[in-house]
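Pulled from TrEMBL:
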{"type": "TRANSMEM", "residues": "A:61-80", "note": "transmembrane segment"}
{"type": "TRANSMEM", "residues": "A:92-110", "note": "transmembrane segment"}
{"type": "TRANSMEM", "residues": "A:130-155", "note": "transmembrane segment"}
{"type": "TRANSMEM", "residues": "A:176-194", "note": "transmembrane segment"}
{"type": "TRANSMEM", "residues": "A:255-274", "note": "transmembrane segment"}
{"type": "TRANSMEM", "residues": "A:281-299", "note": "transmembrane segment"}
{"type": "TRANSMEM", "residues": "A:376-394", "note": "transmembrane segment"}
{"type": "TRANSMEM", "residues": "A:415-434", "note": "transmembrane segment"}
{"type": "TRANSMEM", "residues": "A:482-501", "note": "transmembrane segment"}
{"type": "TRANSMEM", "residues": "A:522-542", "note": "transmembrane segment"}
Amino acid sequence: MTPELAGVLQLLALVGALALVHRPAGTYMARVYSSTKHLRVERWIHRGIGADPDSGQTWSAYLRGVLAFSAVGVLLLYLLQRLQGVLPGSYGFGPVGPAQAFNTAVSFVTNTNWQSYYGEQTMGHVVQTAGLAVQNFVSAAVGMAVAVALVRGFARSRTGELGNFWCDLVRGTVRILLPAATVAALVLVARGVVQNFSGIHEVGQFTGGARQWTGGAVASQEAIKELGTNGGGYFNANSAHPYENPTPFTNLFEIFLILVIPFSLTRTFGLMVGSVRQGHAVLAAMFTIWLGFVSLMMWTEFAHHGPAPQAAGAALEGKEIRFGIAGSSLFAVSTTLTSTGAVDSAHSSLTGPGGGIAMLGMMLGEIAPGGVGSGLYGMLVMAVVAVFVAGLMVGRTPEYLGKKIGPREMKLAACHLLVTPALVLVLTALSLALPTPPDSTLNPGPHGFSEVLYAFTSAANNNGSAFAGLNADTDWYNTTTALAMLLGRFLPMVFVLALAGSLARRQSVPVTAGTLHTGKPLFSGLLVGAVLILTGLTYFPALALGPLAEGLA
Amino acid sequence: MTTVRTHTSKDSMSTTTPARAPHGGARTGRGPSRRRAATGLFTPRHLAAALPEAFRKLDPRSMARSPVMFVVWAGAVLSTVLTLGDPGDRFGWTISAWLWLTVLFANLAEAVAEGRGKAQADTLRRARTDTVARRLLDDGREEHVPGTGLRLGDLVVCEAGDVVPGDGDVVEGVASVDESAITGESAPVIRESGGDRSAVTGGTRVLTDRIVVRITTKPGETFIDRMIGLVEGADRQKTPNEIALNILLASLTIVFLLACATLPVFADHAGARLDMVVLVALLVCLIPTTIGALLPAIGIAGMDRLVQRNVLAVSGRAVEAAGDVSTLLLDKTGTITLGNRQAAEFVPVPGVTEAELADAAQLSSLADGTPEGRSVVVLAEERYGLRERPGGEPAGAEWVAFTAQTRMSGVDVGGRRIRKGAAGSVVAWVRERGGTVPADADRITEGVSAAGGTPLLVAVEDADGPRVLGVVHLKDVVKDGMPERFAELRRMGIRTVMVTGDNPLTARAIAEEAGVDDVLAEATPEDKLALIKREQAGGRLVAMTGDGTNDAPALAQADVGVAMNTGTSAAKEAGTMVDLDSDPTKLIEIIEIGKQLLITRGALTTFSLANDVAKYFAIIPALFAAVYPGLDKLNIMRLSSPDSAILSAVVFNALVIVALVPLSLKGVTYRPVSADRLLRRNLTVYGLGGLVAPFAGIKIIDLVVSALPGIG
């Protein structure tokens, strides 16, 4: 079997599994977020945090919940790291430095999982499991809650209420993420991922000498790392590490975990707005972009020529031989088109165009299919913009899912669109223009430029993957990437929830023959076009000076 | 006292209303209207006239109204100032010149659109001559005061030859009035006290008789004043949709500002130095200048298209709302059917020939001046060759007039007594005289009623004794082309509801014939208002026409309320539009104009955004191929030099504005098809076209530019 054929078969298996699972998963999630009953354990939690899960919240109350919960999360995670020296099970690791601790706290709470540290050399058991792993669950649940609030904004009419944040947060964690992650972790353990609380081992190497390896609760963290599109590895090598991702099967399974919730949420959305077709249209747009990116990535990685690839038989620099080009390409695209950021290969070693594809995937706003929740709401905001232009072309005040898109909706959608380009471009320019930050880059020319651009693209879009080659553990990068992660996560949430509030207040317009039908392939195509053109136009000059200059040389 | 007639039935009123016959065919008025259309579209003469105004708009305060064009303006200023520092820089001067031209072209588009409105306003101003009013004092004497000195509630006298000094209602008398100053229609109209034809407009001229008018509008706020304001666009406000689009354009402008502002740093890292003028050129090419430049012109032209059709909209918002309408309320009479019932058929009872019946019916109707009576005469003539009797009336005829008590009319002539009227009355008349009524008569009468018609029983008493001859079937005649029109509306997603005072049976029959979707029978003004509210509660936008005072609440409630100019001032006050032609079918055209306005905006936005792709392919290789030679592969147009590439993109960007001015004034062609087909068509033309066109355009301009000395 040629590597190309193996790649196609892996792709088919993945698509088949997703097609099979997304229906029941989407339906289940719709039921979770629409149900009026609480589980006993949920009632305990609500009583514990003093929340009334049955009271409806306006968009601003919902937002206050999101922000307060996240702020407390950052604080707790920061304190855990700073106090690591006195915590049990720390392998003797001392407290994490303030800048890095803040960066890491922000990183995990914003579902970014950008890591400027070496996991196995910095974090002990308690920080890993009680801190990082907990945020892996709840930061994903927050994303889903915000997406569900936006969906309710479309579905409801003449009300100010978007549901209850605490209720959505708890349900997302207890009923969706916990059970799914448990099953996934068991599968991973069965296929060889480690799960223990052992300390540091000395392992002899084939080449002689010995290395220290830490064990840990890896499989449980690996499962939620992918499932919640978090991406923060237990080890620095992330999913390239054999303890995290030992076989081609676990590799494919991890890619499946990354994609399953974001793709399934489109069905949840369709069911909740009362039209499965609408969900299909969004799903089709996401899937088209994802498949297009996967094909391009595989093509450019397989087709790469040059002295090194020729000697190795393929462009395998920075890739794990057990995953090969196909498995690495699939992983690279899936991790950058979602807000995951886990890596099973070094993105810095992708071919020029390949690095560009990974970067462009994040620049799209990670909406194909995107992070858990954030992918759906990002794509829906793009749909609002696409509907606005397309709706005009059919001669009506544009409307999406029966909701008219007026000045307020447009203003919020436009602000949402502006956040990440502003963060990425301004911070990249500052890092290059100021005297000290450039010292962090390893390479000159377009590749060095790509490293910086990639870092801020990854941070602002809450991806978390790194291009390597950039020393991000400096005060400048720890602070600016933390800023980018915070603003890149919560500003869009502010606009999304405000948009949801404003949509929920609007009266639904009935569908007629004069209505733009957003549940059809034509609209999916339009949405794909709008996403690609808007992002392409924003980042074309920057991409030209980085990956394009490198790739076309 | 202003007398207001109240109606129990909208329908009974409408039959008397149209003072001027509405357009007969449904399709009339589609093209440019007979008047005012003379302003044409986009000729060199208009350009020349608009040029001074275009320069005046270079004032930054005026430019600031459009964020996109303000950025271009600022860019032009910046590049000019920078080039002043290096006067020998021919490239800098050329770019600066074209940036100024870009701004100027945008201003020109707006000025041309405004210019057409100004011409119309001038015509109106001529009508607003200073008048001397004859104010009626309490004691019955008159005093002469200037028209501007009138107050609300004043009574003024107007006699033949006088110009009405202000808007008001006729409270006494009846007169024919020449309203050509406002409507352009030269045929005089009748204005009389009471009822729905009582409103007179300042500036119109009384041709005959004497009327007393109660002034209802303050001087300076009259209908003509408002019209002038509207067509001039003096108080033009941005509509919600325009605002939303502006927000989108502004945010795109910010994105491109960010992309361009950070580019020098990125370029510096690559070892390339970026010229500021070039950066400005790149920015101007990227921001959506095409739609930004043409947006005001599109809005003004949309209002203007309404004015061309003799419709005045109170605001641009009303025009946009017209595009969103999903329910259309149409009065039956005068809109869907011709004004009056007409004889359609003679149905004799067994033993009587149709010709016999026709002859009797015609004879009895000869003196009947009502439209129904005339239609009986005409039908008998057309179908049975029964010519109107010479001399009009047979000698010795004794006419029996219709009264509310007898409910029949007829004639006694030469020993024959013919009666024609409501079935019950005629049957009673026959029985009274000892005649018998065959069961067939009942059957025929019921049949006609069931078909939505009105049966008129015809009976005669002559040598053969009293007997029933048969039934004249009177029916509403649906205007030509209406069913097609309604089918068209259905394809556009608009539901039509026919409103009538008829009973449900009759109403349904006509509704079926005309092809409307729903019917509101035995409608009172309250029913109509309730229907509108019900539709709106379901999220639908409702449009309707009206003319009576009792229509005013419904007109005000409707999202698009078109008042007939012949209507009362209360109706005109309540509506969002006034149709000077008083043609209720025009509502359909108004909806199309609303849709066309939005489509034009959307199409040009799409075109403008799609254009950017080609501009990147022109400019990015030009900027960076020197440091990264690989990027020259992006120069797929093979433009001759970096300078010519940048200049060509700027020139294309400016020229495309001029090229699209006619389209933005005329509007994108609208066809009443489903939304999906519209979208597919417009996406292909403006999306795909917008993607491809600049590649060709920039290449052609580059061929020209590269031949110029000092650039290529």
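Glycine too: its Cβ is placed from the backbone N, Cα and C atoms.
Any TrEMBL annotation is an automated prediction that lacks curation.
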Result, the transmembrane segment (A:415-434) in contact with the transmembrane segment (A:522-542) (3+ CB pairs under 8 Å): yes
Same-chain residue ranges lying at least 6 outside the transmembrane segment (A:176-194) that approach it to Cβ under 8 Å: 28-29, 32, 137, 140-141, 144, 215-216, 218-220, 222-224, 226-228, 243-247, 249-250, 253-254, 257, 261
Distant-in-sequence neighbours of the transmembrane segment (A:130-155), which means Cβ under 8 A and at least six residues beyond its ends: 29, 33, 59, 62, 66, 69-70, 73, 76-77, 80-81, 108-111, 113, 123, 162-163, 165, 168-170, 172-173, 176-178, 181, 217, 220-221, 224-225, 227-230, 232, 261, 265, 268-269, 272-274, 339, 371-374, 376-377, 380, 400-403, 493, 496-497, 499-504
Stretch among A:255-274, A:281-299, A:376-394, A:415-434, A:482-501 sharing the most Cβ pairs under 8 Å with the transmembrane segment (A:61-80): A:482-501
Leading contact stretch, A:376-394, A:415-434, A:482-501 vs the transmembrane segment (A:255-274) - CB distance under 8 Å: A:376-394
